[in-house]
Amino acid sequence: MPGHGHTLFQCRRKPAPQQRVGRGRGGVSALHHPAPRRVADCYSIADLRALARRRLPRAVFDFYAGGAEDESTLRGNRAAFAALRFAPHVLVDVARVSSACELLGAPAGMPAAIAPTGAAGFGRRDADLALAKAAADYGIPYTLSSSATTAIETIAREAPGRHWFQAYVLNNQEFFWKLLERALAADYEALVITVDLPVGGKRERDFHNHFSIPFRFSTRNVLDFASRPRWALDMAMHGLPVMENLRGFEVAARSAVAIASSVGRSYDPGFDFQRLAQVRERWPRKLIVKGVCRGDDAARLAALGVDAIVVSNHGGRQLDGAVATLVALPEVLQAVAGRVPVLVDGGIRRGGDIAKALALGAHGVLLGRATLFGAVAAGEPGARRALEILQDELQRTQKLCGATLVGRFTSELLRSARGLPAPFTDPVQANSQGDLYHHLMETSYENQTV
């Protein structure tokens, strides 16, 4: 049963049709959908990443995998997790463990949600739907990006489960408000406002690869695309994806595919706390603010009345040299002092990473590249496989640490990789007491594999 020691390697067996096996709603079974053979041979997110890399043209893969400038923040997000170690309890009855929890007022199969990942359809057609359906299968929320290649209404109609909608703030305020009205009409339970994008980051991999959305063809990228014939054939047969939610953003004379090129120039650099207060006033459901790395900003957001905060540096794709999210987390937790839930993203590739974030005090995590790699590698089976891997690893970590429930991950289970003293009886003491926090600061930018 899911939540009770479901074993990852059971997937290697071929279940009979309609066989019910552990699926991952933290205590609810679902039908098992056999994954393609190559996906079934993936045992980690790194395996799925490698599968995606083999399938995609280099330019497309680098668009998903890369970061800004020197990519120090991209590496730092991973390194911060590596800087922590568990000090596990033993002789605890862990015959039954559950990853189930409550996430923003509703049950969830595990303390996670799918992060908004724009332009997923350029890696595989219907990747957005694949992610949404996999999220529903595992009982966690799915966040649709405003720059997705699937419409707000399509996700609501074709994928069950909990839906959040992410919006960038655009100069065209009328269009921005229309997006929110569409999400409200489609019954999305939460709005995620991304606040760390007044301007696009400098992503040098894309420059070197001559990559842009929409595609601008050059000899270099035509040869790159041709090196992946299955991907190229799919694009040739069905046409290039369109950022469906941005139709109408430009005047009718502009082609739909050209919309994408204008969006990057149309973020609103004037968006501030006052304007966010207007969003809070007009949006009647849960409001989540994503892209926060400072305690003082988080305190102002809590006072403004947001429903949750996501500690995020945009996966290292915006400001290179920004603090790693796991390093920023304790400061944000201390500042909000329990007034609003705090989630974190960036660098999560293992179930143990989820456990470390929870132990530091996060209410949950957002999964971005981890599930995106699965979706672009193999569609819905790949997205499900990513979640299966992460949940299995999380539950194994629970058993190995003596935490039968995810709520029992606390900072007293953590130590520094350098042996510095911690525990902290309160998660936010990781900032105020200092040892673990400063160790993370010192090590989060070491050269780690991304």
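Positions of Cβ are set from backbone N, Cα and C atoms, glycine also.
Here the structure is a predicted model, which means the values were calculated and not measured.
According to TrEMBL, the feature active site, proton acceptor maps to His314. Applying an 8 A CB threshold to same-chain residues 6+ apart, the list for His314 (active site, proton acceptor) reads Thr194, Asp196, Leu197, Gly201, Gly291.
For Pro116 (FMN binding site), the same-chain residues lying six or more positions away in sequence with a CB closer than 8 A to its CB are Thr143, Leu144, Ser145, Ser146, Ala148, Gln166, Val192, Thr194, Lys290, Gly368. Pro116 (FMN binding site) falls outside any helix or strand according to DSSP and counts as coil. The feature FMN binding site is assigned by TrEMBL to 116-118, Ser145, Gln166, Thr194, Lys290, Ser312, 345-349, 368-369.
What TrEMBL records for Tyr168, Arg203, His314, Arg317 is glyoxylate binding site. There are 22 other CB atoms within 10 A of the CB of Tyr168 (glyoxylate binding site), with all protein chains counted.
Residues or ranges marked as domain 'FMN hydroxy acid dehydrogenase' in TrEMBL: 37-419.
Here TrEMBL flags 1-30 as region 'Disordered'.
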Across all the protein chains here, work out how many other Cβ atoms are within 10 Å of the Cβ of Lys290 (FMN binding site).
23
Among Tyr168, Arg203, His314, Arg317, recorded glyoxylate binders, what is the largest CA to CA distance in Å?
18
Going by a 10 angstroms cut-off between Cβ atoms, which of the binding-site residues Gly118, Gly347 has the sparsest surroundings?
Gly118
Of the binding-site residues listed here (Tyr168, Arg203, Arg317), which is spatially closest to Gly347 (FMN binding site) when Cα positions are compared?
Arg317
Of the binding-site residues Tyr168, Arg203, Arg317, which sits closest to Asp345 (FMN binding site) by Cα distance?
Arg317
Determine, to the nearest whole angstrom, how far the Cα atom of Arg369 (FMN binding site) is from the Cα atom of Arg317 (glyoxylate binding site).
12
Which of Asp345, Arg349 has the fewest nearby Cβ atoms, counting only those within 10 Å, among these binding-site residues?
Arg349
